């Protein structure tokens, strides 16, 4: 370890360094600087009157490996009187401030001109290096730093970079890095940095979590059209001004919304961002507008629009959705529910408005604003009011993923009949919500043929509706079980051009 303090042969002393001229210590005399001398035979040892202050945790670790003698730190006056005195060593003048960013100065306390001390130091260093395995050191390379021929101390902090070997310089660098304040890499970016990052993003699917927190993101969205409006908000067709990807932007009014409910929406939407399924509408991200008390949710754009809009548009034109198309829609919804079931999620809001189709005819589930329940523990919360709720939910009983199967059955029954399955349109329009919910608990669902309109439904289709609308949830199959129903199995074998179907629905 002594080699860490040995100057290299090629090192030149800095001529600007102060030249130390200290009085020689002879004949057991005490100088004016209170240097105490303890005699033991012919040997003399110098001690500084100033007791070094304790090392800090950083400096003690650094210099614990650089002492020339293992017992220097524990020496006392009593023990020194009982052993030959070693050559004098430089004392450490240490700054006691624990937050100091520079190393303490190393200053020799005496300049000993006696050649015996130089020889003793060389012999001591050689012996220690033999013990440590450093046998490549030669006496010529270990000139005493205390020789009178070099009055400029090589251990002054100002000359450290010029006179100390590379190993010690590495220690200095490591120490200074560990002592410097840690710069956190997770510091929030400034608004200008976020602006630059957002400019580098061309499409909505490339925005990361920080991009969605950008304050002026709303100003960078271009609205291409309105897809739907309601009392609670609206859905628009949008794209980023510097992008090309079309997406749907849903705006929800949160003026009178419970803050806890808003937090629930945030958590669930963030969780739903990880969903990757061809039967689930992709969720891109969300941001808030406190001035307008609104939440903006960006989702995959589905150009075929909702099942609700499709079947009502066909009714206006005197048409209906065929059983083959309904089979493909029911299969896709069941596969989407099965995927959510694997993710421990209950949708809880299956209805015609939340079943969407794109231009290619793909069917996907959307709107997870009130979804996100663990399936293993049955949910006991009653969220929202919907005419598509399963009986167990209306009664406030525990419910599971089979409640989504009920909602699917009621949805398919409505689309097939061209109206909500109530006794009459007049009753459905004027009935109070509570009475309608009580009617759902007691009615017997039935898919009826319409011979006058040349509409005849297959028995397997009617059986599928009956299984979905079992009032006892214990008798109602799960989505995965319903995929194996004979009607679904039979519809899988049929070729249906869903893309052509969507084009015909919206053909002018």
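Just so it is clear, glycine is given a Cβ too, placed from its N, Cα and C backbone atoms.
According to Swiss-Prot, the ATP binding site annotation covers 227, 228, 229, 230, 231, 232, 233, 234, 235, 250, on the basis of sequence analysis. Look at residue 235 (ATP binding site): DSSP puts it in a strand. Sequence-distant contacts of residue 235 (ATP binding site), defined as residues of its own chain at least six apart whose C-beta falls under 8 angstroms from its C-beta, comprise 226, 227, 228, 229, 248, 249, 250, 251.
Under the heading compositional bias 'Low complexity', Swiss-Prot lists 48-66.
Positions annotated as domain 'Protein kinase' by Swiss-Prot, on the basis of sequence analysis: 221-488. In the predicted structure, the domain 'Protein kinase' (221-488) carries a mean pLDDT of 84.
For 192, the entry in Swiss-Prot reads phosphoserine, with the evidence type a large-scale study or a structure entry.
Sequence annotations record features per position, and here Swiss-Prot assigns region 'Disordered' to 1-21 (among others).
Summarising the annotation, Swiss-Prot assigns region 'Disordered' to 35-95 (among others).
Among the features that Swiss-Prot reports, region 'Disordered' is placed at 130-158 (among others).
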Site with most surrounding Cβ atoms, counting all protein chains shown within 10 Å, from the binding-site residues 227, 229, 233: 227
Helix, strand or coil at residue 229 (ATP binding site) [DSSP, three-state]: strand
